[in-house]
Amino acid sequence: MGDTGLRKRREDEKSIQSQEPKTTSLQKELGLISGISIIVGTIIGSGIFVSPKSVLSNTEAVGPCLIIWAACGVLATLGALCFAELGTMITKSGGEYPYLMEAYGPIPAYLFSWASLIVIKPTSFAIICLSFSEYVCAPFYVGCKPPQIVVKCLAAAAILFISTVNSLSVRLGSYVQNIFTAAKLVIVAIIIISGLVLLAQGNTKNFDNSFEGAQLSVGAISLAFYNGLWAYDGWNQLNYITEELRNPYRNLPLAIIIGIPLVTACYILMNVSYFTVMTATELLQSQAVAVTFGDRVLYPASWIVPLFVAFSTIGAANGTCFTAGRLIYVAGREGHMLKVLSYISVRRLTPAPAIIFYGIIATIYIIPGDINSLVNYFSFAAWLFYGLTILGLIVMRFTRKELERPIKVPVVIPVLMTLISVFLVLAPIISKPTWEYLYCVLFILSGLLFYFLFVHYKFGWAQKISKPITMHLQMLMEVVPPEEDPE
């Protein structure tokens, strides 16, 4: 009897073990459709619905405006192809971080993680959630601005929801991304089809003399590109989750080749649709371009526009959280952040500590009043690191010849993108110099202080503080260090 019970328990243990993954690490659960959804869902946020006037205000004419939108899509595609070579050559998650590490060593990689994790990505997450909150609140406060406390509480709730979803399951996070990407493509399709119908009916007067009065100075064109490329930001998001892509050698470049041209086509056609209904002056005066379009074309069903803009923003926020959590995870794994941030949930197999940390920092940024100016001043730092990363691709063509390159782009593409990155970093400083850009550079360089204190020299007192914190957090969240996946 006892032998039978013992045998049964052993069989049960084997059955349980057979259902567990071989290693406690991030699993390859994302396919091509999820990859395309992350690219499209992260790039298309609230910008194209709310404020495409930023490009028009610098070009001051319809023709150059549409050309800029198309050119920005081409540049985003070229940049993403450079990242595709990097992502298939160095198949680690974390976006620019592992590429900077391989090309230049730990210091540039640490400065990237420092700037991205403390300011750039959390503020973007917070702004997207605040935008979502304002659109959800708007129908309940017709004729007046909703109270800030309501907006901020709802934004914090959105951050909590998205962080929870992505901490619970990789698959659940990708399902949420797929659903909201589908929802935003529905409203994009409605706007495009409505605009093309109006265009076919002869509403073309706003396209007559479309280059008249164009502002073609170097400063104006550079700022137009700067604003347009900001709307395309997110083209590199798939490189943050390379380790979770099934067959990354195929799916990474394919998702880029499909996803970014799809976004480019949507952006151009949506702008065409806007101009069939509004003159350039009316578009510049509109507070929310898509809402104005809806009021003029979709009435009495115009209420669907703010609803789907809310879906769009929450989808962009989910994509940002999904990918940025992996950057914290990889930085923690390399010892550039608290070690516990690189740990994996035993039950969920997600980088839960990294996602929770990211959500907390983003929530802190909601507390102050207006942080849009902060994001604007730090946005040029993104192109600084894009440029450094793509330059690293050129450097590794000479220093890391032994690395396998399933995808190899012509060298002219990374050279061109490096020069464009330099231009985009310097253009706003030269055209409109302010002290804030200097403060931004000083903040990035201040990361060196933390690097030498806590990473390079690893003082004993710092280890004594971090070890008990790591141990208690590990027990609280049921997380363990990631294991190497045996080949």
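Placement of Cβ uses the backbone N, Cα and C atoms for every residue, glycine included.
L-arginine binds I43, I44, G45, S46, G47 as Swiss-Prot records it, and from the list D233, D295 the residue named for this site is D233.
Relative to the membrane, E60 and L403 are annotated in Swiss-Prot as lying on opposing sides. Three or more CB pairs closer than 8 A are found between the transmembrane segment (63-84) and the transmembrane segment (218-238), so contact between the two stretches is assigned (pairs 6 or more residues apart). Look at the Cβ of each of the binding-site residues G45, G47 and count the other Cβ atoms within 10 Å; the largest number goes with G45. Remote same-chain partners of the transmembrane segment (352-370), defined as residues 6 or more beyond its termini with a Cβ less than 8 Å from a stretch Cβ, comprise 117-118, 121-123, 125-126, 129-130, 148, 152, 155-156, 159-160, 162-163, 166-167, 321, 324-329, 332, 340-345, 473, 477, 479. Segment contact holds for the transmembrane segment (435-450) and the transmembrane segment (111-137), given three or more CB pairs below 8 angstroms at sequence separation of 6 or more. For the transmembrane segment (170-193), the partner stretch with the most Cβ pairs below 8 Å, chosen from 32-55, 111-137, 218-238, 411-431, is 32-55.
All protein chains considered, the CB of I44 (L-arginine binding site) has 28 other CB atoms within 10 Å.
Taking the centre of the Cβ atoms of I43, I44, G45, S46, G47, D233 as the L-arginine site, the nearby residues of that chain (Cβ within 8 Å, site residues left out) are T42, I48, A231, Y232, G234, S312, A316.
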